[in-house]
Amino acid sequence: MATYKVQVSTGKGLLTGTFDSISITLVGTYGESPKQLLNRIGTDFSQGSVSSNLSASELGEILLIRLHKEPYSFFPESSWFCNYVQVTSPQGDLYRFPCYLWLEGYATTSLREGRGKRGQEGPPPPAAEGSQSVSWPVAWDSVAAGPEFSDGRVCLGTDGWMDSLLPHPVFLSLSLRMFETKMKGFLNRPYSWEKLEDIRKVFWFYHTPVSEYVAQHWKEDAFFGYQYLNGVNPVWIRKCTKIPFNFPVTQDMVAGSLGEFTSLQEELMKGTIFLADYKILEDIPAIEINGYPQYITAQLCLLHQKPSGELIPLAIQLSQTPGYESPIFLPSDSEWIWTLAKTWVRNAEFHVHEVTSHLLRGHQLAEVFAVATLRHLPMCHPLYKLLIPHLRYSVHINVLARTFLVSQGGVFDKAIATGRGGLAVLLKKGLENLTYTTLCLPDDIQARGVDSVLNYYYRDDGLKLWEAVHSFVSGIVGFYYKTNLAVQRDYELQAWVCDIYTKGFLGRRSSGIPSTLRTLEDLIKFVTMVIFTCSAHHAAVNSGQFELGAFMPNSPSSMRKPPPHTKAPVTLEEFLDTIPEMNTTSLVLSILWVLRNEDFDMRPLGSYPDEHFVEDEPKWLITAFQERLAEITKEIEERNKTLTLGYTYLYPPGIENSTAI
């Protein structure tokens with residue numbers, strides 16, 4: 001008989017331990033060991049490691065282990081978070097079995113040895129009858145993939161993949177924020193704001209330097225344009241080389257803004273004219289809020305970048321159809337009619353940002369990637385090991401969002417002009433327009449013609465991060481896949497990408513999303529896109545929401561009056577009667593407050609406390625990735641010292657590894 005040393009690590013979080021009886025079976029090339037109880041009297045699996053010696057016949061190379069979770073005495077069943085199991089053979093060989101999962105109920109769970117194994121390297125070793133698989137089947141029907149909603153149910157084979165034991169801290173924070181606004185009386189007042197300054201009283205203690213800057217500069221044309229480059233939706237504008245036929249801006253209209261030494265045609269040829277087109281909002285239905293109808297328009301906004309780098313609006317049209325009742329508004333118009341026109345554009349920005357850039361690209365795609373990964377990639381697959389840290393909490397946060405934010409009677413139905421119904425229509429349009437080019441930052445920058453725009457810090461920081469992720473992914477892929485043929489023959493990988501194409505993008509060829517991966521570079525680019533989407537992209541469109549939206553006229557969720565059909569002057573009172581009222585503002589700002597990145601349980605980009613990789617090479621690559629992120633961090637810090645308003649939304653320490661909030 002031989003003696004094997006077994007070490008089991010339990011997570012250190014709250015309620016990670018269990019009173020259940022835990023036994024283990026080792027499976028090797030020569031056979032398997034008898035089932036042996038690991039825990040002694042008490043809660044041996046309560047934050048930390050336990051050691052045990054197991055006697056068995058010589059098993060050869062250890063291929064997998066089976067963990068048996070069974071009742072203990074009179075104690076009720078309790079969940080257990082297992083970090084990993086480590087087995088040392090009599091010859092001193094070390095075998096590590098990563099887990100990092102909640103194990104629920106009374107069941108047997110099989111874990112394969114931790115070295116990365118691709119799909120074409122043979123089928124997985126046989127598991128015990130009735131045991132949980134190492135790659136759990138997931139029901140797509142219970143998870144929203146694309147524009148549809150679910151009823152909040154999620155089937156992951158094991159409920160433990162989501163941290164479902166405790167309420168998410170963001171919703172505890174939401175309760176506190178809403179309590180504050182209710183105590184102040186704002187949440188119960190469906191009335192217009194009497195003064196713009198009163199909006200800052202919604203939260204007394206949650207002002208930041210950026211939110212203060214917004215409150216002081218929100219009316220300025222330069223700040224309006226700046227947000228297209230470095231706000232929360234820096235992915236919308238594109239270079240304009242020809243004025244659209246349905247936006248008849250003339251030289252006379254913009255001469256005052258351009259100056260006497262140039263012309264509109266010259267600036268078009270120089271590449272300094274840009275367009276923000278909100279055609280996607282055309283025919284989106286709107287709801288009633290506080291008993292009154294709300295309005296949504298499909299604006300066109302023309303912008304010009306000055307030699308100084310300032311991006312300023314030249315002209316705004318509040319519909320896609322020019323004509324007598326759809327005038328073109330200009331900076332030379334009276335103060336509040338021009339401010340109102342810009343506020344209508346900011347309202348359009350709110351809708352396309354929250355629904356297409358944030359919800360669709362940041363959240364729903366992360367869920368598509370998570371579900372496909374759990375369905376097709378076993379835990380020993382190198383891509384599972386690479387991707388799983390970037391999918392942490394993605395399904396959980398989306399289920400909570402569907403339950404509280406976009407459910408019937410939720411926040412969208414109470415405070416946002418689209419409501420839940422309009423949201424679904426806009427999501428569908430957004431998915432139809434979503435392409436692989438859009439999702440790959442270097443390609444998107446080229447496609448939108450914004451590669452030479454000045455002061456575009458989102459682009460500058462984003463491209464550095466894209467390259468850092470790409471280099472990291474290249475190293476991992478190159479370690480496990482030596483040839484293009486190895487990629488093509490990995491049936492688990494091909495099933496994974498095909499599922500993303502068919503379920504996430506509905507098999508739409510025009511999306512450009514690949515349904516198969518044929519080369520190493522194809523694989524590297526696709527995985528880079530997945531990681532970038534779940535981390536950097538989400539951070540860019542999420543982190544600044546409260547700062548830039550706390551002064552509500554800069555980011556109104558609804559408009560209570562129809563868009564102006566003439567250029568007649570308007571008063572401040574009329575402006576206040578158009579933007580959201582007190583209770584709507586309070587509810588939206590409460591949500592924006594909790595949707596910021598929090599320090600609670602945050603794992604910044606590049607941090608991998610769960611050791612899924614057991615080989616040395618991936619660990620070295622992780623270290624190199626972290627070093628590059630540290631360099632980018634220093635570069636951003638130095639750049640921001642020279643700016644009045646620093647760009648921090650792609651600051652690596654502030655980027656979450658996954659879409660976790």
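Glycine too: its Cβ is placed from the backbone N, Cα and C atoms.
TrEMBL does not curate its annotations; it predicts them automatically.
TrEMBL annotations:
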DOMAIN    2-117  domain 'PLAT'
BINDING   G17  Ca(2+) binding site
SITE      W102  site 'Essential for stabilizing binding to COTL1'
REGION    113-133  region 'Disordered'
DOMAIN    171-661  domain 'Lipoxygenase'
BINDING   H358, H363, H538, I661  Fe cation binding site
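Where TrEMBL records a feature, it is marked here on the structure.
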| residue | record | CB count, 10 Å |
| --- | --- | --- |
| G17 | Ca(2+) binding site | 20 |
| W102 | site 'Essential for stabilizing binding to COTL1' | 20 |
| H358 | Fe cation binding site | 22 |
| H363 | Fe cation binding site | 21 |
| H538 | Fe cation binding site | 26 |
| I661 | Fe cation binding site | 24 |
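Those residues of the chain, other than H358, H363, H538, I661, with a C-beta within 8 angstroms of the mean position of the Fe cation site C-beta atoms are L359, G362, A366, I397, V541, N542, L595, T659. For the pair I661 (Fe cation binding site) and the residue listed as 'Ca(2+) binding site', the C-alpha distance works out to 25 angstrom. The distance from the Cα of H538 (Fe cation binding site) to the Cα of W102 (site 'Essential for stabilizing binding to COTL1') comes to 26 Å. Over the domain 'PLAT' (2-117) the predicted model carries a mean pLDDT of 88.
H358 (Fe cation binding site) and the residue listed as 'Ca(2+) binding site' are 36 Å apart (CA-CA, integer value). Across the structure, H358 (Fe cation binding site) and W102 (site 'Essential for stabilizing binding to COTL1') are spaced 29 Å apart at their Cα atoms. Across the structure, H363 (Fe cation binding site) and W102 (site 'Essential for stabilizing binding to COTL1') place their CA atoms 23 angstrom apart. Across the domain 'PLAT' (2-117), the DSSP tally of helix, strand and coil residues reads 0 helix, 66 strand, 50 coil.
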